[in-house]
Amino acid sequence: MSVGFIGAGQLAFALAKGFTAAGVVAAHKIMASSPDMDLATVSALRKMGVNLTHHNKETVQHSDVLFLAVKPHIIPFILDEIAANIEARHIVVSCAAGVTISSIEKKLTAFQPAPKVIRCMTNTPVVVREGATVYATGTHAQVEDGRLLEQLMSSVGFCTEVEEDLIDAVTGLSGSGPAYAFTALDALADGGVKMGLPRRLAVRLGAQALLGAAKMLLDSEQHPGQLKDNVCSPGGATIHALHVLESGGFRSLLIKAVEASCTRTRELQSMADQEKVSPAAIKKTILDKVKLDSPPGTSLAPSGHSKLLPRSMAPAGKQD
């Protein structure tokens, strides 16, 4: 089985690293395409031994499972480019927030009468094999196609099948969830520093507290509220701290954050349906422009049946 990523950003890197660490896919069986070979994630993928190319169609050609790992509003343009190259063997997996199965199938059926499409929502902790993934299968995807994706994604964390109409809510909860956790951890560490702890120790203690709390919950059958109550002794420090959180609307803010992420996901779908995209994003999707912008000496060299960018040619990436 070969795996391809259209897009070589944070998600592609996280999944590729997770798959190779789990041993479910070898690095040389993975290909990623990107118009920008200066990305830090491209450099990291190269060091892992992943095949890289400027050409999305080449990634399609050399993949059995094809992940669309680009921004939602880019998806229609990518599909227009690769639709003619999709074959019956391909499993097309969209990781784009808000992009529906039907919108992808509509683009692909112009060339492939029964495209196998799966929509999934995952998160960046797949990089350490602690991701949270849900997926929904399309009209023509078979049971075994869903099982294959579940096998892949279960190797990098929790994975389960859901109805497609639940995926937007999942995006707001676990898709965006790591960002909520990192923000909370940053604030906890700031509190520790304010009270005299060294920054490094404060971050480590805060991270361990969140990790331990999550593991306690997953390993038990208790409600999180009960586990919270177990920490609070009468008149103690923790219940006083929780009073401050409740006074500040802590719970309400988290609920609103999930709702806001979910709502924005649906707005992104509307943008994708209308095929609206910024000029800067269009520039990134036009391969002819990429070729014109490529510096001398970065022509693609053959490797087997594919033309891959030599590892030595691309400079170390910078943060996107």
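Here the Cβ of each residue, glycine as well, is placed from N, Cα and C on the backbone.
Together with Ala8, Gln10, Leu11, Ser34, Asp36, Asn56, Val70, Lys71, Asn230, the NADPH site in Swiss-Prot holds one more listed residue from Ala97, Ala207, Ala209, which is Ala97. Counting other Cβ atoms within 10 Å of each Cβ, the lowest count among the recorded positions Ser2, Gln10, Ser34, Thr238 belongs to Thr238.
Checked against Ala69 (NADP(+) binding site), the binding-site residues Leu11, Asp36, Glu164, Thr238 differ in C-alpha distance, with Leu11 being the nearest.
Neighbour list (Ala8 (NADP(+) binding site), Cβ cut-off 8 Å, at least 6 residues apart, same chain): Ala32, Ser33, Ser34, Leu39, Thr41, Val42, Leu45, Leu52, Ala69. Cβ neighbour count for Glu164 (L-proline binding site): 15 (other Cβ atoms within 10 Å of its Cβ, all protein chains included). Of the residues the record lists as binding L-proline, namely Glu164, Ala237, Thr238, the two whose Cα atoms sit farthest apart are 44 Å from each other. Secondary structure at Val70 (NADPH binding site), as computed by DSSP, is coil.
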